[in-house]
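**Student:** Have a look at this one.
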Amino acid sequence: MGIFKNYLVLLVFLVQICDCYGEYPKKRLIKRNTRVEDAISQYDRVTRFGVKNLNEEVITVLKNQDIDNGTLSNKRRENFENLAVKPRLPKNLVAEQYWITVQPYVPAPGVTFPNSKLQYFDAYTKIRFTMLQDAPSVSVDSLNTTFSSLTLNYNNTRQQLISTKYDNTNKRLEITPVIFFKANQTYELEFNYTGWINGYLDHGLFFTYWLNNSWDRPTNGYTKATFQTTPVMSTYQVAFATGDFINKTATAKDGTRIGVWAWRGDGSTDWVNRLSVAINTAVSCYDALSDYLGYKYPLPKLDHVALPYTYYYAMEQWGLIFYDSDAILFHNQEDTSTERMDGIQTRCHQIAHQWFGDLVTNEWWSDIMLHESLANYFQVYSLGLVNNSQSDFADSLYVIQNQERMLQLDINTTPVIINNTDGPVLSDVVTRKGGSLLRTLSFVMGKDDFQQSIQQYLQTYNYSNADHFQFFDQFTAVSNGTQCPNSLTNIKKDAVQTYDQFDIYNSGAPTYARVLYEEAAHKKIRSILQKDNGTISISTKIRLISDEWATIDRDMVDLGLPPQLHRGLQILQAILTSNSSVHENTFRAVQNVIDSLLELSLDRHELDLWLRFIKPILINFYNNLGGWNGNNDDWNTALLRSRFLHYAVRFDIGDARQVALQFWNNRTVNELNPDIRRAVYCAAMWDDNGPVYNNLSAMYLQAESTGYYTAREITSIAQGLACAQNPTIIAQVLQLFGDEADFSERYNLYSAHTYFSYNLIASDVMADFLIAASNSSSNWLTFLDGYFCYDFTSYCNIYYYLQGMTRLWYTDRRLEHFRRVNATVVQNLRNLNLPTVFITEAIYYFDYYYNNVLLPANKRGAITYADMTRWLYDEYVPHGYTPWTAQLNHTFDPVQYNVFIRPYFPSSYNYSIGKNFTYDAEVSLNSHRQIIHNIRIFNVSQNVNTEIPLSSVVRDYDNAILILNLNQTIQAGWSINISIFYSGFIDKGPGRGTFLNWDYLEYSKQQSWIFATTFEGGPSARSLVPSYDEPSKKAIWYVKVQYPADMVALSNSLEESVVHLGNGLAETTFKPTPKMSSYLLAISIGDFAALRGVTNDNKLVRLWTWTGMQNNGVVGLKATIDTINYLTSTLNVSMPLEKIDVLALPQFIGSGGGAMENWGLIIGGYLTTLWNPDYSTTAQLTTSYDVTSHETVHQWFGDLVSPSWWNYIFLNEGFATYWPKHIMDVNYQGQNEYVQYSRFLDQERAFRFDESVSSSVPIIVQPSQLGSNYPLFGIQSYEKASSIIHMIEQTIHRQNFNTALNNYLLAHEQNTAVDTDLFEQFTQVAQADPNIYDWNGNPLNVTKYVQPFFYLATFPIIKVISSNDGITYYYQQDPFVQNGLENNTVYLWNIPLWREPPHRFLPWLTSQNSMNHDFPKGWFVVNPYRRAYARVWYDDNTWNPIQNQIQTNLSVFDPITRASFVADTYTLANRQLVSWGRFLNLIKYAGSVTEIATWEILNHVFDEWLISFKFQTSDYAKLQTLILNLLNSNSQMFFNNNGNWAHDLTAVIFTRLSCYLGSAKCLGLAAPSFHQFIGGCRNSAYGTGRCNTIPPDHRLIQFCFGLRQTPDSTSDVENLVQWYINNAILADYWRNDAVALLNSLACLTNDTQVERYLTYALNNQYPVEFFQSVADFDPSGNRLLNYFTQNLQAIVYSQHFNRIVSALALGWSTDAQLNSLQNFNWQGLTLTSDQSNAWNNTINGVLTTRSWLAQNQPSISAWLNANVS
């Protein structure tokens, strides 16, 4: 017995063909012989999302160090050669047999030898070979050998040699005999020689060792072992091993002995038991492969040998496989399922090699895929063969582990097969890609044919060599000999799964390829995934996830395109929130992405926003994981538990922390399932203040010092320790890791510091700890591995330390933090008087890390974080509310804002791709849709400037509130400066908040982008500027904007300076604004040009448009100047700004219409602010003037005086709707009828809104009632409020009204108001006027008068009711809406009862019923001129005199009163409150008038009736006759405009209805005018605006009925339509003629022609409006249905299904029509849910029409039959 202190040597003989052969998997993550520069460059926190491997470092055994006492050298020899790169030996002989004898010289008990022989071996080899051809010499490979003798024998006779020559280049020995070698003769070569025993880092004959405290084995010296002769095999497969082994054996089904071997270790039973899993799974895998391959393994045994130290992970020698011990040794109570699975796959891989590589060997190394690709494929496939229930898991495992991994790496790689002479290319390309392609082949051929081909290959080439051609020939032969089951049809069926009419390609991931879906398909895929119940395979989901993220990465990194992270997040959201996606391999597919996104988010103020995305995913996984303990034989459950649970603990998912703590408190460590230990340790450390640390650190030290080869749990312990959140405990863990990393003899513990990577608290503690360490030379040089680190030959402690400290440091703030740490550390080191080299190298190391790790990380974050955060805001935070209802604490009043904005959008200015559609800003607090970079707060009171520490920042995303918690109390009266640096998002299209429009410049036709803002609704000003974003919080705004220098910047106030900064950038500083509300802030940037004017008080007015459109701004400019002049004069209050700009945008907030009244910078859509005389109609002209005037009125009402809160918005909108009528009346002489009509139309719009319980709301509600259910900017705030303001003005008289408004504006200028502030001003002036009194005869209190109108929903009906005897009458009021109103609310209004003829005194109706009045002689009218906001109902006795007067002399009633009769009667008849006969008798007068008010109402009525009665044949004909009779007396108005707006609008109605109903005169005018148009415009190159003599108002009818009568002009119209399509860039801005021409094609009577155009529209060659045009002008009503039926499949699969369906049943009402819809034959097609809803809506529309007809048709029909012949 003897003592052998530190190691035992094992000898392994291995003829190895290359340095890297057989490495699978490459588990080693630590390469200690690598320069630190390389190590840093491999740190891939800043590399691709799709490729990024962020799995934490594993603590590893120190396997690459030299033996401590230097007895043996493990250093790699300089003359080590890769034999495969040499030229191939000549094929002139066949080696038949080798005899090998080896005696090694290494230290061993009882063995003595001369010291000179240490690490050498003596050997004898005999080779028998037969010559294939004559040759003068033969060569053999020889490396690191010294020959003592060499003999050549032929027929047992020694041959004389001429020479033996050694080729140092190719490492070959050439032997030349006197008698040349003869073909077909057999020779023998015998060698005696000495060679070098390599260390385990090399190959050949090498040693490895293991550590033990003592050696007590018998000292028996050498023993000779002789092995049986092998079958024919390649030299590289020869192997033997000697050592002190233990083993377990078992017998396979075919009788083969399977053995698993390891060195003795500590000699315990437990050590032997660690071989149990390996032996059991080796037998299972062997049996499964043997059965599948159908070829008997030819050797009697198959041994698996575990080695303590080896450079490779496993090597597949025939019958004797060597492994790194991690692949063999396994303990159920210590090792995780992940480690178990790694070992099983490795063994299955090597067992597969016994057939693929050993039985059949590649012809040359270029065909190494015949070994490695097949072994890679079967290492996973065999898992399913062993256990069929695990086959689906194995398939998805292959996809994520091999196919996806290789797709990530397959960039600029070599092919699987390399036809060159440079030796083998063994890499992931060969293994993973080759295996993936074999998997594809299996899918294409079918499993049975694939298996048959594999078996045939083995039968054909056993004990020999093959190349890839011979391999694939076997598949070809099988395919040609059978009917391939997977025909192209079946392949399409299997690989392209159809869900909800949409294909998911590469379903099951059989193909080695990625699939990219365009945006619409991507959206559809997501909707399918969200509804998945398990029918979509895990492999498919892995492909969808991985392909999306790989494409994102490619586009961003390789192509330089803007990041598209939102697409990847959408896919993750759609897949991972489904129960059916809870799977180890889906989580494995997303783990790196989740970690990458966590890195980006954890150290940001938006972390909670990211958690809104990730937590539902983690909750879904946690809830469906299967618990903390379960079936470990189910690979999915076991592996997922191991991988996932620590995420559940870290993110506090469900009860994860509580359950983990229960495990910690209630069980000993060895009772814990190893899969859950990391999570349990993490939970225990999370809130620990010391006890848990003491326990875990002791376990850590014990494992480090005694665990040796088996304590892999040290990784779980270290990971758990790194979960600590207590800074004191974190510092202790750091010290523990540092100490052990420096002194450990067993483990490489440097990587333990990386476990802090996702611990935000730890990152700051580590920074402080690093600084503290630099204050002590011993700490710096020992803890941070100082001396060792600076030789730059390996990873060292500081590398891992910085990695753990800075993993989350992606921001500019963290870059500055690192620079401060660096500077402090360097200064501290200088203070220690260390040698200069250490300081120099420290500076170099920190600089290198900063430049090569942190700066790229910062850039990565800048590129990706904005896109990710934008999507998170879009998905998880309300985009905006109108209004936001949560109010701020009112303890602060803002004084001023200093705002700097730099937007990034496509322009001539170059910027980083990550900045696209964002802006950078700084403001000196509501906050919404922003990335906060830095916040600083200062007390600037009394000339001090002291920073106030910020303790925390809280984001209330749902209310868009930024809460800043301070470390000290702010005293009343202090002046506080809040400085915030942040970035925000620009909506890529028109919308609210900060948004973009785009235009096409007339001079270049190039697209140009426009940046603009609008903040009254939606995201609000808080989305641009963190602010006190409430209307009452007015402040002065100082604005500075940087923008592309070739553009113009605009804001609320006039420009103070414009500076060109260079590099294509300019900066405009604007003058400070008056005090104003934040929602009025406005900024816009674009390629603008302007028209200019000046008001009477010298205010500058500019109307801006994108360049080329400014000449269309004449009307808008006039409206602005007119409004300023009028209000300044009428109200005697000047606008306190130097200028006012009006900016017309191409899309504004979603269309070309609408506008926003920002103070000094009105921004609106061009269709409502511009007017083009060549194309715009009269309605568009009046709209342009009205809208621009409306927004200008706001400069007083809303801007100068703002509502104190949003429930008083009528103070803005009511006046802005009221005043333009007066301004228009003053400035356009002769347009009074239009002005009166316009006000009447406002009232009608308000009434229609107020007539339905579903839409009617009060003008003013309580703040708590505001929100999504209240339409803040609805009709009640505009037209209804305006109508009531008009009623107030009529009540108190115009002069008093103007005086009250003057007082109101002066009292509240640059401030805010509530409703009573306004009403009290009206009351004051009214009560000062003795002619104004209330219902009691007292001075009028306007507040009491109007409050019911503002605070109650709906409106009153004034009923005029006569007594039974007809002598008296009385008034009654009722709410128009009778059902569904709020309970416990009294619906009574104070109604002034204007009457014609008038009462002597103005009576009031304040109760439900008035007193009786004497019935006057003749007629009387209540509410003439529509002064009061009420409708009027007359009973028959009070109505009949009015009807008689109308028939006798209607001129006694003004046009508005007459129109009121029509509107009120129609509304009441629809409610069955009066008869349809009354209405129809009333409208007879319309034939004798042309007034727009009456005809606007009738136009609405007739349109509804012509649709409803369209297929009620007899009634429709009489209705047609009735309408034509009314129209024909005014035929002089057809196609006629005279400049009077009321006349021209009426003419449009007359012309349209007359031609539509077949008026001969109208049609007679349409045809020649159309012919003239075609003649003048068919060759126009500039559109049709000026070559047509018919005004734009009438062109729709001219084109439709002109072409219908002259269809030979169809080709001309087609050409003009195509011209507009081809020139859409500019022509689309004025589309009236384009739409009218397209519409005219629908008017053709030739169904075949129309069907052709419908196909154009279906194929997106024509605008989609064409479908509705066909419905509108189809007298049969069947065109769309016929086309729909004939093209059903194309339409069902098109994007236009819903649009077509919504139009195809226009006016349908018959039984047959309804039946055709309800029983439609879908020809086997399946509709999507959205399509089904559209179809049902069409059916419901028909049912609604039928219901209306059932109730109203009988009485209407009776009247028509009696009155129309």
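Note that Cβ sites are derived from N, Cα and C of the backbone, with glycine treated the same way.
Sharing the features that TrEMBL gives for it:
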- 1-22: signal peptide (SIGNAL)
- 278-480: domain 'Peptidase M1 membrane alanine aminopeptidase' (DOMAIN)
- 505-770: domain 'ERAP1-like C-terminal' (DOMAIN)
- 894-1080: domain 'Aminopeptidase N-like N-terminal' (DOMAIN)
- 1117-1327: domain 'Peptidase M1 membrane alanine aminopeptidase' (DOMAIN)
- His1190, His1194, Glu1213: Zn(2+) binding site (BINDING)
- Glu1191: active site, proton acceptor (ACT_SITE)
- Tyr1278: site 'Transition state stabilizer' (SITE)
- 1419-1720: domain 'ERAP1-like C-terminal' (DOMAIN)
**Student:** Taking only same-chain residues 6+ apart in sequence, whose CB is under 8 Å from that of Tyr1278 (site 'Transition state stabilizer'), what do you get?
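**Tutor:** In sequence order, Glu1213, Gly1214, Ala1216, Thr1217, Asp1242 meet the Cβ cut-off.
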**Student:** Top stretch among 278-480, 505-770, 894-1080 for CB pairs under 8 A with the domain 'ERAP1-like C-terminal' (1419-1720)?
**Tutor:** 894-1080
**Student:** Specify the count of other C-beta atoms within 10 Å of the C-beta of Glu1213 (Zn(2+) binding site).
**Tutor:** 28
**Student:** Count the other Cβ atoms sitting within 10 Å of the Cβ of His1190 (Zn(2+) binding site), across every protein chain shown.
**Tutor:** 26
**Student:** Give the sequence-ordered set of same-chain residues, not counting His1190, His1194, Glu1213, with Cβ within 8 Å of the centre of the Cβ atoms defining the Zn(2+) site.
**Tutor:** Glu1157, Glu1191, Val1193, Phe1197, Gly1198, Asn1212, Phe1215, Ala1216, Thr1217, Tyr1278
**Student:** List the residues of the same chain that sit at least 6 positions away from His1194 (Zn(2+) binding site) in sequence and have their Cβ under 8 Å from its Cβ, in sequence order, or write 'none'.
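**Tutor:** Expected: Glu1157, Ile1162, Asn1212, Ala1216.
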**Student:** For Glu1191 (active site, proton acceptor), what is the tally of other C-beta atoms lying within 10 angstroms of its C-beta?
**Tutor:** 29
